[in-house]
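Undergrad: Shown below is the structure under consideration.
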Amino acid sequence: MAQEGTSVQSEMISYDKVDPLPTENPFYFNEDSKINQIVKEQEKKFPWIHMGIFIFIIPILSFLMGLFYIGGIWNPVKKMDNLNYVVVNEDVGCNIQELCGLMTGQNLGNSYEKLNGQGYGKFEIINGTINDARDLVREHKYWMALHVPKNFTFGILANLNNNRMKTEVVVYRVYDEARSFTTVTFVKKAFEKFQAGLHEQLITKLQSLSKLTGEPKTFNPPFIIEGITYIDDNLYPVEIYGQYFCTFVSFILIWIGTIATALITHFVFPLEGHWIEKKDATHAIVKTICAKTVATVSLLFVICLIISIIPLCCGTVTMKKGFASVLFFFFFFSLCGIGVNNLLVHLFHFINFYLVACTFMILQLISCGGVIHRDLQYSFFKIGKALPMFYATREIKYIYFGSGKHTQAANILIILAWTVVFLCASYYMYYLELKVKRANSSLKKKKSQP
């Protein structure tokens, strides 16, 4: 009975001492280093030191991220004065004395300069055609362009001289909805407010001038009621808001996939021990790196394929450049993500990796310009221009809707730079790790030999 009790006790395992991830520490971690000894001594004095640090850091990070993100989009209307608009004036004015009276030589298209200083943005007036207006908006130099046609002044004065029949006066509003759906929505609503004020100012001014001639005139009622006709020229429309939502959420899903892939291939890659632990295996490190690369790339491709298919399952989807371009770009971005996260997983302890990787992902989310453009947010959000998700979000808008072609080269090159730098760094760290593991494996075998 005594022997049986001893046998049972010897088979019992203290699970609180079993490390579920025996390699969770970085490969360069040295148990016997002076720094680690000091840390262990402090852990004995203060057993809750690590928990205390995380309890302090995580709420602080959550508060700061939430403050910047929620606060940044809390009341964007207050920041609309940061937006730039252009009035492309093609109006020839009025030079016929009989028709124009005191307005001879005047160009009413320049009246739009009064829109400045109303708190909704800065207006610049230039001369040009409707094509000039489209080019300026297409190149993202302005949020909206108002094109004033050649007969604008004549049309306004025709309504003043004819009290019965309305002469339609048209102005074109040119904008790019796909650039930032939410921001353009704010712009359109703001313009609806000040276009009514401008209409009233024009009527009051011209009717007052007509009194000076001794022959007071009034505008015909239809023009007073309906005003100037504004025709929208939406260069790159967003048909379904859900697809616009995909332009940044898809990359968050891909980034989460790269974090998961980095963890899986780092901690539970079965082929690693197959070559590294065999002393007689030739080119063990090269074979292991190649095998892990194939496994990682295959997993990433499946993740990207699933994410690219999701919008197709939801309904109508606009893909100006086709599904293949979407899938290829998602996969291209995933290589950048795996490069970053593979490097982090080699640099940090398991728990610290989670904290750093998730913080970096959230930082990209709040600064990529997905929900609202950085022009309507705090200056802090300009940090997004240094991060890959900003350029990925901008590029997928071109692939989906055709918006932002002029930014394509910068988008691809910057993401490529991130990919090359971090993939090379992560491969080098993995190479060093495999060298250490192979050396340790050989050392253990020598010690086990009698």
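Backbone N, Cα and C define each Cβ position, glycine as well.
Found this in TrEMBL, in case it helps:
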- 56-423: domain 'DUF3533' (DOMAIN)
- 48-70: transmembrane segment (TRANSMEM)
- 244-269: transmembrane segment (TRANSMEM)
- 289-314: transmembrane segment (TRANSMEM)
- 326-345: transmembrane segment (TRANSMEM)
- 351-372: transmembrane segment (TRANSMEM)
- 409-430: transmembrane segment (TRANSMEM)
Undergrad: Would you say the transmembrane segment (409-430) and the transmembrane segment (326-345) are touching, if the rule is that at least three C-beta pairs must lie under 8 angstroms and be 6 or more residues apart?
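TA: They are in contact.
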Undergrad: Report, as numbers and ranges, which residues of the same chain sit near the transmembrane segment (244-269): CB under 8 Å and 6 or more residues beyond its ends.
TA: 21, 23-24, 178, 181, 238, 292, 295-296, 299-300, 303-304, 307-308, 310-311, 330, 333-334, 337-338, 340-342, 344-346, 353, 357-358, 361, 364-365, 368-371, 389, 392-393, 396-397, 400
Undergrad: Going through 48-70, 351-372, 409-430 one by one, which has the most CB pairs that fall under 8 Å from the transmembrane segment (289-314)?
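TA: Per the Cβ under 8 Å count, 409-430.
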Undergrad: Between 0 and 100, where does the mean pLDDT of the domain 'DUF3533' (56-423) sit?
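TA: The average pLDDT of the model in the domain 'DUF3533' (56-423) works out to 89.
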Undergrad: Using a Cβ-Cβ cut-off of under 8 Å, list the residues of the same chain that are 6+ residues beyond the ends of the transmembrane segment (409-430) and lie near it.
TA: 289, 292, 332-333, 335-336, 338-340, 342-343, 346-347, 388, 391-392, 394-395, 398
Undergrad: Short question: which residues 6 or more past the ends of the transmembrane segment (351-372) have a Cβ under 8 Å from it?
TA: 54, 57-58, 61, 65, 68-69, 72-73, 76, 180, 182-183, 247-249, 251-252, 255-256, 259, 262-263, 340-341, 344-345, 380-384, 387-390, 392-394
